[in-house]
Amino acid sequence: MAGLRLLVAAVILGFLSSTSESLRFELQSGHTKCIVEDIKANAMTVGKYSVVNPNEGHPIPDSHKLTVRVTSHYGNNYHYSELVESGQFAFVAAEAGDYMACFWAPDHKPQITLTIEFDWKTGVAAKDWSNVAKKGTVDVMELELKKLFDTVTSIHEEMFYLRQREEEMQELNRTTNSRMAWFSLLSLFVCSSVAALQWWHLKTFFEKKKLI
């Protein structure tokens, strides 16, 4: 039983590590930095960000504010906060593609550097399993099995999504090959026509000069 629990936990942790992004980065005032995440349609995504206090134990300076905007590949706005120290967002992706979280710090003289902590999770990693356990009053093994079931479901949906993208790429390749074939035939026809015209012109020229 203990071995099964460890195996289940290892599978879940291995999958979750590929569906979440937690990082810390620096942002200079007056500049913008964007982070992109590929999210499939109908997938849950949550994000949390905060400016690291440069003076621990003291209030964070008023200069350490940032503006955050989260948009989809088509330009749809999913989150916007202006001049904040921290914030979070959560939404279900209505469309598949790249989602962009952009951070902008107001310009200051002299220039300052902000350190930002950002945690972005999608899919199974975005679910709050502690709340699931409390609401369902399940034991550890049942919770792990539920996690594993949702993980398998997510992988299954991801496989269908990848297959759909592959079919789209194959259709694009077929269209491109067809167009290239027609272009090659057209180029061959033009070259042949030009060669025939040159031959006719030279023949006519030599006949006029009575060389042939």
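The backbone N, Cα and C atoms fix where each Cβ goes, and this holds for glycine too.
TrEMBL lists 1-22 with the feature signal peptide. Taken from TrEMBL, the feature domain 'GOLD' covers 32-147. Taken from TrEMBL, the feature transmembrane segment covers 180-200.
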Within the domain 'GOLD' (32-147), how many residues are helix, strand or coil going by DSSP?
20 helix, 55 strand, 41 coil
Stretch-averaged pLDDT - the domain 'GOLD' (32-147):
85
